[in-house]
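Here is the structure we will look at, set down as structure tokens.
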Amino acid sequence: MNAQHPAVRKFGTAAIEEAAQEIARGGIVAVPTETVYGLAADASDSRAVARIYEAKGRPSFNPLIVHVPDLAAAERIARFDDAARALATRWWPGPLTLVLPLRPDAGVAALVTAGLETIALRVPAHRAMRALLAATGKPLAAPSANASNHISPTRAEHVAASLGARVPLIIDDGACPAGLESTIVMEGRILRPGPITAEQLGLALATNEGKVVAPGQLATHYAPGKPVRLDATSAAADEWLIGFGAVAGDDMLSASGDPVEAAARLFDALHRADASDRARIAVAPVPEAGIGAAINDRLRRAAHR
Ligand code: TXA
Ligand code: MG
């Protein structure tokens, strides 16, 4: 293996087979989901899970999401009440994570939940993550495949730039369609806004003085390396302006003002802004409605220093 770069394999049978062997050996693999690229390991293997934390440089108190192929597999790991089962039936496979009471006999490494009695579970829709779940036959713990406190990756190149040789293998299946991390729901409240909106779920955000509450939802979680100014309608000379709708700039989230398109492009745009020759980043206002709530949640974190 090259010491500087991870192996990047185009999605396909051979790539999934190689990835499954890496997982079976207790290794870690970066794999796309419909939200962002995840850094996956066998959730039942504590040493494999430790490698995730090590590669990300992540504080070990921040629990991980576990990915399973279907509701039946999820019910073997956590206890569902009727409300949780209704949400799962309606939205899985898809970008919804449910935080539920962990079954004591679930066989999940304690490091996955950071010792909590609850566990975050989701059934992903993306073909690559689904193929890896099928090939390994294991529940896969997978946080976003970026170094801790960096912008989440929506392309294989973002993973390679952030983690480098700390990840041995990346499955490349292009850009993630949703582009924002999954919506997290616990006890009928939204802990993290995401691609499935509060309106679609008919649920309210769990807030604490206007801030979303989830362990590990650190204010700086999505910080680029440069200062970020929000609600900008024009840019200073040293600013890289990310446009939206009528506000044009150096980059554009959605010229037609489509928030779903903007969500899919957001992290890619932040990565480009970070790599630009400008010292600061400015971002045009994005309306709060629908998935705009999740976009603005990530932007506020990016702007918080
Ligand atoms: O879309 C996604 O959810 C992506 C893809 C890869 O699936 N994953 C992802 O994982 O965003 P990560 O680790 O970057 O974010 C997990 C979030 C953290 O904010 C963590 O605190 C929260 O889920 N979480 C995990 N377990 C929890 C629990 N038992 N209770 C409350 N929050 C939990
Ligand atoms: Mg993350």
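The backbone N, Cα and C atoms fix where each Cβ goes, glycine too.
Since we're looking at a predicted model, the values are computed, not measured.
According to TrEMBL, the features are:
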{"type": "BINDING", "residues": "THR35, HIS67, ARG122, ALA142, SER182", "note": "L-threonine binding site"}
{"type": "BINDING", "residues": "ARG58, ASN62, THR118, SER144, SER152, ARG192, TYR222", "note": "ATP binding site"}
{"type": "DOMAIN", "residues": "13-196", "note": "domain 'YrdC-like'"}
Cβ contacts of ARG58 (ATP binding site) (under 8 Å, same chain, 6 or more positions away):
ILE52, PRO143, SER148
Report the member of HIS67, ARG192 (the binding-site residues) whose C-beta atom has the most other C-beta atoms within 10 angstroms.
HIS67
Tell me the Cα distance separating SER182 (L-threonine binding site) from SER152 (ATP binding site), rounded to the nearest angstrom.
12
Between all pairs in THR35, HIS67, ARG122, ALA142, SER182 (listed as L-threonine binders), what's the biggest Cα distance, rounded to the nearest Å?
13
In whole Å, note down how far the CA of THR118 (ATP binding site) lies from the CA of ALA142 (L-threonine binding site).
16
Long-range neighbours only, meaning 6 or more apart in sequence with Cβ under 8 Å: which ones does SER182 (L-threonine binding site) have?
THR35, ILE65, PRO95, LEU96, THR97, ARG122, ARG192, GLY194, PRO195, ILE196
Quick one: pull the CA-CA distance for HIS67 (L-threonine binding site) versus SER144 (ATP binding site), whole Å only.
12
Out of THR35, ARG58, ASN62, HIS67, THR118, ARG192, which binding-site residues lie by ligand 2, with a C-beta less than 6 Å from some atom of it?
none
In sequence order, which same-chain residues at least six apart have a C-beta under 8 angstroms from THR118 (ATP binding site)?
ALA78, VAL99, LEU100, PRO101, LEU102, MET186
From the centroid of the CB atoms of THR35, HIS67, ARG122, ALA142, SER182, the recorded L-threonine site, which same-chain residues not already listed sit within 8 A by their CB, in sequence order?
THR33, GLY38, ILE65, PRO95, THR97, PRO124, MET129, GLU181
Sort out for me which one of THR35, ASN62, SER144, SER152 has the most neighbouring CB atoms within 10 A, since those are the binding-site residues we care about.
THR35
When you measure from the Cβ of ARG122 (L-threonine binding site), how many other Cβ atoms are you left with inside 10 Å?
26
